[in-house]
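Quick notes on the structure that follows.
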Amino acid sequence: MAKTPAKAPAAAAKPAAVKKPAAPKAAAAPKAAAVATPAAKKPAAPKAAPVSKVAGTREKPDTIRAGTGKLVQVIGAVVDVEFTGELPAILNALETVNIATGQRLVFEVAQHLGQNTVRAIAMDATEGLVRGQEVRDTGQSIRVPVGPGTLGRIMNVIGEPIDEQGPIKSDIFRTIHRDAPTFAEQTNTAEVLVTGIKVIDLMCPYTKGGKIGLFGGAGVGKTVTMQELINNIAKAYGGYSVLAGVGERTREGNDLYHEMIESNVNVDPKINGSTEGSRCALVYGQMNEPPGARARVALTGLSIAEYFRDEEGKDVLLFVDNIFRFTQAGAEVSALLGRIPSAVGYQPTLATEMGNLQERITSTNKGSITSVQAIYVPADDLTDPAPAASFAHLDATTVLSRDIAAQAIFPAVDPLDSTSRIMDPLIIGQEHYDVARSVQEVLQQYKSLKDIIAILGMDELSEEDKLTVARARKISRFLSQPFHVAEQFTNTPGAFVSLKDTIRSFKGIVDGEYDHLPEAAFYMVGPIEEAVAKAEKLAGEA
């Protein structure tokens, strides 16, 4: 009786082994599960999704398995990829090779569509892709090189060099999607960041770790002002700068790169053989790039800046030009993904995307990131959702005026429209606050008198008003300053003016100590001593 049952399983096992099509049935599945431990982990793949999410923001766990899929649909900058096994997490990077160009092409997962299919945004042109070609899941979000090797180099959104100077010499990589610093890591001390530019330091002082909005149209000196800030911060603090060109014109980006070399902010690798000694890294997502690249290039630049802040303890200056184009690219991506648009056609996630970017720009107990963001205002409407989303995060606004630029006063910062959150006597000091308010008062009185002067002339003003106008005109000219980065155009040495000298100089003008000096002496000088010397020179020439 014992032999019969023993033969029965053996007999049953043979048909199971012979009939290979029957292997997928339930009879074979338990046996595979009992024998092969790794196979047993595959059904548990959904549990690994949270781990993948963590990998997208912090570090890459060794336990994540990269899967492969195939391309099933291409719609412009959006592609659908079908996976047979584990689906990649949202924000994971997918890689393939563009058959037409032979170049590596990176996608970012944006949606799970069901039926083992994900929808992803391309970071480069999709011309040349074919259905059915293999796509690999990297198991984490887009990684870019960071560290000193990026200084003086130009890279694109996925960290590839585009300056034709060979590979970027860095073995340190970071993902572009990361968590903002925790509350314990952040510092809440309001410290003034001295830029060496008189009008900014006096009227709208910047904060270390703050966000500054630079409002300006074309041709008012926005690029030169940004360059001077990069130069001054790097010299004064030994810090580094990162420029993220979001929707930049290719010509402007090329000009800026060469201007930085000419102004000694960066080192020319063609002359020196390397970029060692450079102080600025450049990341460009140009105007002709797909919306995915333009929507992520700001995060690439921010990741480089975060490394210098967290690992090297530097005070970093981050420029984003233009925040409006960052928002615009997000709206394009949102439309491609089929999301219902919000107000004025913008993406419904506008506030979230802006918050994710801005919250990472902050001071920690290791270093700081100070961000200067150029912001375009559509149709001069400040209530437009795009600039309105930025306003909630800004600590200071620097407004460049075309009227002031027309008077050849550079930087063309409007001292009456520019504001700062730290314009408080408890933070900047009572003397600084009083001098700044006195300057604003004189300029405001002059502004209100301009109509009377235009109609009736200066002769109809009272003696007190005439004195106010004279001092206001001297203040307006003294707010100008020669820039280091413009030396090659003006043949005038640049001036870095300390905050102490700035306050002392303007206090003297407001108090009437320099009423005897001519207006021309105050134009394009550094501290007040240079104005006095210029007045003596003008008197000697006369």
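Note that Cβ sites are derived from N, Cα and C of the backbone, with glycine treated the same way.
Model, not experiment: these values are computed from the prediction.
Annotated features in Swiss-Prot:
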type	residues	note
COMPBIAS	1-50	compositional bias 'Low complexity'
REGION	1-61	region 'Disordered'
BINDING	GLY216, GLY217, ALA218, GLY219, VAL220, GLY221, LYS222, THR223	ATP binding site
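The most densely surrounded of the binding-site residues GLY216, GLY217, GLY219, GLY221 is GLY216 (count of other Cβ atoms within 10 A of its Cβ). Local packing around the Cβ, expressed as the count of other Cβ atoms within 10 angstroms, is greatest for VAL220 among the binding-site residues ALA218, VAL220. Long-range C-beta contacts of THR223 (ATP binding site), restricted to its own chain and to partners at least six residues apart, with a cutoff below 8 Å, comprise GLU252, LEU256. Packing around LYS222 (ATP binding site) is summarised by its Cβ count: 21 other Cβ atoms lie within 10 angstroms of its Cβ, all protein chains included.
Close to the recorded ATP site, the chain also has LEU400, ALA405, ALA412: residues not among GLY216, GLY217, ALA218, GLY219, VAL220, GLY221, LYS222, THR223 whose Cβ is within 8 Å of the site's Cβ mean position.
Annotation note: GLY216 (ATP binding site) sits in a coil segment as assigned by DSSP.
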